[in-house]
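Colleague: One structure, as structure tokens, below. Some questions next.
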Amino acid sequence: MTDNKYIMSIDQGTTSSRAIIYDKQLNTIGSSQKEFTQIFPQSGWVEHNPNEIWNSVQSVIAGAFIESGVKPEEIAGIGITNQRETTIVWDKETGMPIYNAVVWQSRQSAPIASDLYEAGHSEMIHEKTGLIIDSYFSATKIRWILDNVEGAQKRAENGELMFGTVDTWLVWKLTGGKSFVTDYSNASRTMLYNIHKLEWDQEILDLLNIPLVMMPEVRSNSEVYGTTANYHFYGANTPISGMAGDQQAALFGQMAFEPGMVKNTYGTGSFIVMNTGETPQLSENNLLTTIGYGINGKIYYALEGSIFVAGSSVQWLRDGLKMIENSSDSEALAKKSKNDNEVFVVPAFTGLGAPYWDSDARGSVFGLTRGTTKEDFVKATLQSIAYQARDVIDTMNKDAGIDIPLLKVDGGAANNDWLLQFQADILGTKVQRAHNLETTALGAAYLAGLAVGFWESMDEIKDMYQEGGTFEPQMPEEERQKLYKNWRLAVKATQVFKPEE
Amino acid sequence: MRVVIIGASFAGVAAALEVRKKYADADVILLEKQATLGYIPNGLHLYWDNKIDDLDAARFITTDQLKKETITYYLGATVQKINTTQKIITYDYMEQEELMAYDKLIIAAGSRQLSEKIDGSAQESVLKYKRYGEAQAALSKVKESQHITIIGGGQVGVEAAHLLTKQQKQVTLIESMDYVLFKYLDEDMIQPIEQKMIKNGIDLRLGQTVSSIEMESDQKVTVHLGDDSVTSDAVIMSVNVRPHLPFLDDYVTLHTDQTIAVDRYLRTSVEDVFAVGDCIQLSGPGEDMVYIPLINNAVRTGIVAAANLVKPTVTFNGSSRTIGTTVFGYYVASTGLTEEESLFTNRTVKTARQEVRLNSLNPSDTVTLKYVYDASSRVLLGAQMISTSNILEKINTLALAIQSKLTLEELKQADYFFHPLYTQMVSTTNLVSWMDERADEDES
Amino acid sequence: MKVEHFLEKNEVREITIFKKLVLNNGILSYIDMLDHLSISKASLENDLDSITSRVADFDTQIKISYDGQAIELEMSDEMSLQHIYRFYLSQSIKMEIINFLFKHHEFSITKLTQKLAISESSLFRKIKELNSYLKEFGLKIRNGQLQGEELQIRYFYFQFYYYIEDKSTLITKRSDTQIIQTVDSLEKFLQVTIVPENRERLTLWLIISKSRVSHKSKLYKQLRKQMQPYMKDPLYHRVHVMILRYYSRYSIEVDEEEAMIHFAFLLAFPILTEEDFHEYRLIRDRHAPIASLDTYIAETIIIHFKFRRPPYMLERDMYYHLTHIHTRLYFFKGDIEIYEYEEMLAKEKQIVGKNLVPFARTLLTTSTDKFLTTEVKDNSLIKMELLKYVSLLALISFKMTTVIQIGIDLKMDDLYKETLTELLKQKMRPISGIQIERYQPSKVYDLVLTNEVSIEENQYDEARVYILSEIMSSFDMMTIYKIIQELNT
């Protein structure tokens, strides 16, 4: 097995599928990407065709081989990371999905979630699953599918149907229907998994009338789940040996292996995940508790908070306000700003998330003067990304009671040095950027490689970590406190403004 | 006038009796290959079902009855060839080759249950029991067998599976289609029966095709299906029957499927030669020509051919393929077109399914009915029924409705008696939409 | 196998004479013709005499005259080379043998010699010749029967009737209500639409199948092996159900392989529409080589053309055509070369540029080596499928080519300028993928054609400039053509 030279990561995301081949030194040898159709049957609904996802994965696997010239037999193991929560139900016998994949953002099961909430199950569900009742998570989506496809409930009860998130679907397909599994990180996003007992929770299943027989077996994040069937991996029978939901894979890819380590992925929104160690910490501030990863018989829990508007605020500058031409211009403009950081942009476009949870709030700008320039405005927008991250990280700190020595960052906006410096300044914490920003795919590769002995141990991986820049806090403590205090004021003021309909 | 009839099964006998009735002075001769007369095909099922004490009781006609009607018969007479130009039949009888001239010839040679595709299916140990001799052999073989494999899930196969399970035999049933009785029922109607079969321990192999049958040294038989195989003590062939007509001369035109081509008067391509029963295609439920080897058709074609002997007078008006049987505690019946088969016709059909109570008592048993009808004219084209009560007679009502081309609306108005013990407020076959809780209109 | 294989040597030569004459506007000198055919004058005279007696049937529609100096051909407007081909083929003994076999399934030597009015020895000779061509199909005529795998037999008959024999006659003669009904049923069963041009193909196929179905002892060894990975394919399943149900209505004991045969045909030829195929592609069982191969080759092409994101419909189209190519390579052996392979390849080369042909070869090697392990490398099927790859690549490069904007900026008197600009435009019209007009300073061009070197630097911005050496010269045209090709890649 150790003769094999490469690991393949399959990153099945919300808009595209990717495959990346890594060598032992983590060089990218080949990669391929394919977008697939987004289906919007009604306003607020988002669906994918599971078979199109599957075909796109087959395409990118081929593409990565062709581009790199690597042969399928040379792959030691396959790691899968995926869009989380997206729900697929299919027929065990024919393999045919009975409905489209209901994508995580899709709101069609919101009424089911409200019913659960109104019936007073929030606390029990939070206790058991670490999650806040929401239609994001798979549970209500399964219920919705079983309700809306004729005869589905009965077929499910007869054991004729299977449920899976995208990871489960892909492994089932890749192994030719042999392995029906998911992993801790994906299971803990279904709102059906008891993260303490590590089992599907019968009480919640009963509550939603979801038969246990349709649930996949939950496995660790790094082990062999099965091998690829003939032709599904272009002739090789390769072990699938690592699996994790995208944010957890990024946590692992950032090598945030110690309790208190936090990673922030600056994408359209920001996903902040903190490793809280081997005991779950339930948040009192509506952060989500989830399983980060399970490896070598140990479970590492995590706290997760997300910021709805991060990189998308820069897109708003570009597309909405037309203040900048390219997103990358924001850095130069921010640097040119001469003001004293007295402008505050609160980009609460769709409400405020953790720790405020105010869905009625809307965006606002404070501190404008006659002297305010475009540069100042751009800078304030970038700063809002950092302020929001501090909001979440402070909350995590409070909930977990663990000090945060370091913030590890990745994602598209992590290329912006100015932003990262300000982030370090406003947190008063060192910020470390990964050299390879594709931490999600890397995380899946690590998990896969560890299970097949491609890499010996987590220590070996740690030694390979390459940072892509460190940002030490330079701002005087006094300044930091003042600015953050003003940010909180700005948020407070924003929350006051609730215009009449 | 000498009328020779080849084959003395239902079609042949029906023809002979009708000829006798119509032409008192005709010379009516039956040539039968079998040594005995009038055995009911698959009479073995009656025996297994304890309806008769002796296989010999499974007879629909006796030699005495024929004698009374002055019909001449030769049993154990095998026709070798016919010469339609000279109107002469060559046949073997008592180990002698004999010749017989005819004025009118009716071919009613029936069909046999045999596979040309399955290697080894012709072996004697592979049981077929359409005929008396075969049935006797099968009877004793089955008696000493514990595990029996049945090939073919049509009416015969499913009935056999049912009767053998009742005798505590272990049964494997192989059907190449996805579900059993597929000619008569749509898949949605068969569910309760299949579930019951599985519950009764039947090893149901659906969607699998037998490639060969092999004898093992220890008297066991192995049936090969693709990569899989089943070894059991005995094998019963219950695949589709087909005619076997090696004696015809070149003037008798055949269809691609080796059935004899006949016109609506059941006349073949040769003058004075008629063909009936399992030797011909009929106008089926979809109004195209299909092969429906059922006894009810055999009898009716026999009668029609007799009527047309001298002058074409009566046309055969086709078959609705009406069947009824009882298997695994269910009474099932079907007539006319099924939804699946409708795909072979030009019609666009709709279906309605309902579960209806059978009487006014509480609790009352129910019957599940499925109607197949023409989407535009709403004329009834087919019906299927399944119930744990005996509703078999009711299918005849619907068969008649189909033959009379009644619309659903007309069917609603059909006049039936009311008696609380036997009917509910509305009669079972008065399809009305407000009676049932579970009517579901098919989206097609 | 080639169409000419059904003709005798002298017949092929006679057709060549027709061809040559047509290409030369109907008239050619003896010298040129002798040179072209490299035969003696006496044999040419023989051939011409033979032609004359043959075309007598055509009355005034075809007239050939020759006087020892020149040969002249006159054809009426509705006559074409195609007709002449068909005419020769209709008299071919070998064609009649195949036709007889198809109709009667078998023959006895005496019966056939009588029917064809030829000697036993010449019948044997013809059969031997036929067998040498049938070999690539894995078939042979033996003991009065066409022997080989059933799928191959039907495939051969299909190609034969579709491309060589007169398919419309067969279709009109044999297409009964049953066949028409079956096509309709297939549409309903598979929930697809069969458009008229595909319907003709399917009808022919069903006619052939109907005639073969009750034939005894068919051979399926290869097919069963090839179908192994498809046993769970949803389309196969549907076809299987339909076939079982269809034959259950007749007194025919149908082989399971009958469904397999139809499945292979449905995918190897354009029977389904692109849309229906796309639906199937998403759900097809990928546990099988064709699906993997389609994906692999499609991705190879995408990477070759460096598409960041190929247009959605183009990618779908690509899969549609690739699946036909790959299904044929997977299931079938042999083909009839309906095009002159080398000629066609040369033509394609001109259209697509030199480098696409080697790329097509690479694709073919990938397919045959990596996925299909085809035993025979040199057979008509491989050649024909290569041509198809080339055509597909051409199609893609056409669709992906951005239109090249060309401006003509001639510096001369206005009248000349306008006339010559128009002439140039006309001359370049056949070149695809260009937009050509009189130069307008406000517009951006990829290429500017002018006759004088500009004094102003960067007068034409980024555009490439070509100075015409002599307006309308073939040298200029060649160079311009080359530049356009370069701009295209």
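For all residues, glycine too, the Cβ spot is worked out from N, Cα and C.
Note that the structure is a prediction, hence the values are computed from the model and not measured.
Heads up, here are the entries from TrEMBL:
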type    : residues                                            : note
BINDING : A:T14, A:R18, A:T268, A:G311, A:G412, A:N416        : ADP binding site
BINDING : A:T14, A:T15, A:S16, A:T268, A:G311, A:Q315, A:G412 : ATP binding site
BINDING : A:T14, A:R84, A:E85, A:Y136, A:D246                 : sn-glycerol 3-phosphate binding site
BINDING : A:R84, A:E85, A:Y136, A:D246, A:Q247                : glycerol binding site
DOMAIN  : A:6-253                                             : domain 'Carbohydrate kinase FGGY N-terminal'
DOMAIN  : A:263-451                                           : domain 'Carbohydrate kinase FGGY C-terminal'
MOD_RES : A:H232                                              : phosphohistidine
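Each of the listed features needs to be described in terms of its position in the shown structure.
Modeller: Secondary structure from DSSP puts A:R18 (ADP binding site) in a beta strand. In sequence order, A:S9, A:I10, A:D11, A:Q12, A:S31, A:S32, A:Q33, A:K34, A:V60, A:A441 make up the list of same-chain residues 6 or more apart from A:R18 (ADP binding site) whose Cβ falls under 8 Å from its Cβ.
Taking the Cβ of A:S16 (ATP binding site) as centre and 10 Å as the limit, one finds 14 other Cβ atoms among all the protein chains shown.
The Cβ of A:T14 (ADP binding site) lies under 8 Å from the Cβ of A:Q83, A:T86, A:V103, A:W104, A:Q105, each of which sits 6+ residues away along the same chain.
In this structure, A:R84 (sn-glycerol 3-phosphate binding site) belongs to neither helix nor strand by DSSP; it is coil.
In the three-state DSSP scheme, A:H232 (phosphohistidine) falls into the coil class.
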Colleague: Suppose the glycerol site is A:R84, A:E85, A:Y136, A:D246, A:Q247. Which further residues of the same chain have a Cβ inside 8 angstroms of that site's Cβ centroid?
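Modeller: Neighbours within 8 Å of the Cβ centroid, excluding A:R84, A:E85, A:Y136, A:D246, A:Q247: A:Q83, A:T86, A:W104, A:R189, A:G245.
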Colleague: Calculate the per-residue pLDDT averaged over the domain 'Carbohydrate kinase FGGY N-terminal' (A:6-253) and state the result as an integer.
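Modeller: Looking only at the domain 'Carbohydrate kinase FGGY N-terminal' (A:6-253), pLDDT averages out to 92.
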Colleague: So among A:S16, A:Q247, A:Q315, A:G412, A:N416, all listed as binding-site residues, which is physically nearest to A:E85 (sn-glycerol 3-phosphate binding site)? Use the C-alpha atoms.
Modeller: A:Q247
Colleague: Once A:T14, A:R84, A:E85, A:Y136, A:D246 are set aside, which residues in the chain still have Cβ within 8 Å of the Cβ centroid of the sn-glycerol 3-phosphate site?
Modeller: A:N82, A:Q83, A:T86, A:V103, A:W104, A:R189, A:G245
Colleague: Consider each pair of residues in A:T14, A:R18, A:T268, A:G311, A:G412, A:N416, all listed by the record as binding ADP, and report the largest Cα separation in Å as a whole number.
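Modeller: The span, Cα to Cα at its widest, is 24 Å.
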Colleague: Widest Cα span across the glycerol binders A:R84, A:E85, A:Y136, A:D246, A:Q247, in Å?
Modeller: 15
Colleague: Where A:Y136 (sn-glycerol 3-phosphate binding site) and A:Q247 (glycerol binding site) are concerned, what is their Cα separation in Å, rounded?
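Modeller: Their Cα atoms are separated by 15 Å.
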Colleague: Near A:Q315 (ATP binding site), which recorded positions out of A:R84, A:H232, A:D246, A:Q247, A:T268 have their CA within 10 Å?
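Modeller: If one measures from the Cα of A:Q315 (ATP binding site), the recorded positions that come within 10 Å are A:T268.
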Colleague: Under a three-state reduction of DSSP output, how is A:D246 (sn-glycerol 3-phosphate binding site) classified: helix, strand, or coil?
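Modeller: Helix, per DSSP.
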Colleague: Return the residues near A:G412 (ADP binding site) by Cβ distance under 8 Å, restricted to its own chain and a separation of at least 6 in sequence.
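Modeller: In sequence order, the residues whose Cβ lies under 8 Å from that of A:G412 (ADP binding site) (at least 6 apart) are A:Y266, A:G267, A:G311, A:L437.
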Colleague: Hey, how far is A:T268 (ADP binding site) from A:T15 (ATP binding site), Cα to Cα, in Å?
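Modeller: A:T268 (ADP binding site) to A:T15 (ATP binding site), Cα-Cα distance: 13 Å.
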Colleague: Might you list, by sequence position, any residue in that chain lying six or more from A:R84 (sn-glycerol 3-phosphate binding site) with a Cβ less than 8 Å away from its Cβ?
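Modeller: A:R84 (sn-glycerol 3-phosphate binding site) has long-range Cβ partners A:W104, A:T165, A:S185, A:N186, A:R189, A:G245, A:D246, A:Q247.
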